[in-house]
């Protein structure tokens, strides 16, 4: 799923080992260790709930659950891109010492964020069950939706990681675009609430489709929109392939560019 190269056994073991050591090192830098993987998104979600749910009174009856699903899904997507986009650029010294496929570096960051997402998503499921949202047969579609999002974030992470060594300042533009997309992906509102003449443009955003798919499954207990999911999945699959080819195209150029 992360591309043909990193699925090879010798590289897969390296990715998993580096991701594990990275997570352990990250946890050791704080007093609360692994708990911060859970507390940080909870604090962030609490702030957004106070602002949009209470102060601006944007909430509905199930706004807490509605907001949590959107934020958990979005934070996995955005954090993976933010952490992975600098991975090739920040490993210049290592690249001059060892010849490795450069997509390994952003993949390590994505695996770390995938593990963190797993913890937070498990807590989200527990919260939803306590809140009164029952498990339904539609849960069978969850692995597919998660897989499509994984492909999508891999596409953008690989693409950003491929270009940033040549244009380091691009990371600031990407941060701004992620902030814009944050408010355009339906995290605080449902797509159905948008005027009909603008809904076509809204659903051009692949994350808007995925967030809605998660809510369909977790909150409404219905199957996601298969046609929309297929389109996003096809786009993401083609994107991963193209972005990996781009990284491989400059594979031997990165060490010289980064060290320059």
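Using N, Cα and C of the backbone, Cβ positions are placed for all residues, glycine too.
Keep in mind the model is a prediction, meaning the values are calculated, not measured.
Annotation source TrEMBL lists domain 'ABC transmembrane type-2' at 32-250.
Under the heading transmembrane segment, TrEMBL lists 34-57 (among others).
Annotation comment: TrEMBL describes 63-81 (among others) as transmembrane segment.
Taken from TrEMBL, the feature transmembrane segment applies to 114-132 (among others).
Residues of the same chain lying 6 or more positions beyond the ends of the transmembrane segment (138-160) and with a Cβ under 8 Å from any Cβ of it are 1-3, 73, 76-77, 80-81, 84-85, 103, 106-107, 109-110, 114, 170-171, 174, 206-207, 210, 213-214, 216-217, 221-224, 229, 232-233, 235-237, 239-240, 242-244, 246-247. Marked as transmembrane segment by TrEMBL: 138-160 (among others).
A Cβ distance under 8 Å defines the sequence-distant neighbours of the transmembrane segment (172-192), meaning residues of its chain 6+ beyond its ends; these are 48, 52, 58, 66-67, 70-71, 74, 78, 81-82, 85, 160, 199, 202-203, 205, 207-208, 211-212. Residues annotated as transmembrane segment in TrEMBL: 172-192 (among others).
Here TrEMBL flags 226-247 (among others) as transmembrane segment.
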For the transmembrane segment (226-247), give me same-chain residues lying six or more residues beyond its boundaries with a C-beta closer than 8 angstroms to one of its C-beta atoms, as numbers and ranges.
2-5, 88, 101-103, 144-145, 147-148, 151-152, 154-156, 158-159, 161-162, 203, 206, 209-210, 212-213
I need to check the long-range neighbours of the transmembrane segment (63-81): which residues 6 or more away from its ends have a CB within less than 8 Å of a CB in the stretch?
41, 44-45, 48-49, 52-53, 109-110, 113-114, 116-117, 120-121, 124, 127-128, 131, 133, 149, 152-154, 156-157, 160, 174, 178, 182, 185-188, 190, 207, 210-211, 214-215, 218-219
